[in-house]
Amino acid sequence: MEIQFLGTGAGQPAKARNVSSLVLKLLDEINEVWMFDCGEGTQRQILETTIKPRKVKKIFITHMHGDHVFGLPGFLSSRAFQANEEQTDLDIYGPVGIKSFVMTALRTSGSRLPYRIHFHEFDESSLGKIMETDKFTVYAEKLDHTIFCMGYRVVQKDLEGTLDAEALKLAGVPFGPLFGKVKNGENVTLEDGREIIAKDYISEPKKGKVITILGDTRKTDASIRLALGADVLVHESTYGKGDERIAKSHGHSTNMQAADIAKQANAKRLLLNHVSARFMGRDCWQMEEDAKTIFSNTHLVRDLEEVGI
């Protein structure tokens, strides 16, 4: 499981940072890639990676500002060129209006897609648990921005314990159907009368990962709730230390506010993104160092950077 950042800038493309988009790579878990936001130029950024557009099965949009959605029609069209290899439908989750935006762009440009898009639109009254599969659950909550904006909490369900096959073999259990029964948690009786207790040969379930990905937001308690105990919190850092007033007026956060959210939520790691173009080079280093004074496990990410979870 990895996060790769396709765009880490704020507002408009810059030389060092494209606008917002990241992918959550779940290839080992479910052979899928999930995209979060799709700003202008996202498909160009993908060309610099190993990401296959047809592997992108779900797209989560935080809000309808252009730097988070203007790349979506282009990406969907480019994805169509690979659809003949593997016909794969796509789910798009986002605020009310995302369907109209996408369909209008495709219709007016005469674009035809050889796959279906399933839209899931939300307003403030329909948030909470928005998606569930056998391996993942996704929650959404309203943040505090200048327009309706969501944050997402991706929860991996606990992983089953693994079978200690070597110990089972040493106990005299023949490989075959009995192995399968023990793996499924069933106690078995051997021909010599000994009972094999399944739980003695299966490790404890492994806790699933929690990944919190927030859209643009002022400092808000909703961010804390979404990030409670998260393994990774991705939080915007449009402004730096001392910029709290201007951040609030524009519906954004500073690096220090993001660090405080991570601390209050008891998150394990904080990744800062959505950085204003006025922060470059040493300024970015200082932004990260300042945040570390509040939350030590902080990192300010760069475009195309991959982070393991």
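Heads up, the Cβ atoms here are built off N, Cα and C, so glycines get one too.
Taken from Swiss-Prot, the feature Zn(2+) 1 binding site covers H63, H65, H145, D216. According to Swiss-Prot, the Zn(2+) 2 binding site annotation covers D67, H68, D216, H274. Residues annotated as active site, proton acceptor in Swiss-Prot, with sequence analysis given as evidence: D67.
Sequence features, as recorded in Swiss-Prot, placed on the structure.
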residue	record	contacts (Cβ under 8 Å, 6+ apart)
H63	Zn(2+) 1 binding site	G94, P95, H145, I147, F148, C149, M150, G215, D216
H65	Zn(2+) 1 binding site	I147, D216
D67	Zn(2+) 2 binding site	G9, A10, G11, Q12, V19, S20, G39, E40
H68	Zn(2+) 2 binding site	V19, S20, S21, D37, C38, G39, I61, T62, G215, D216
H274	Zn(2+) 2 binding site	T8, G9, A10, S20, D216, E236, S237, T238, H252
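The Cβ of D216 (Zn(2+) 1 binding site) has 27 other Cβ atoms within 10 Å, all protein chains considered. The Cβ neighbour count for H145 (Zn(2+) 1 binding site), using a 10 Å radius over every protein chain in view, is 23. In the three-state DSSP assignment, the secondary structure recorded for H63 (Zn(2+) 1 binding site) is coil. The secondary structure of H68 (Zn(2+) 2 binding site), as reduced to three states from DSSP, is helical.
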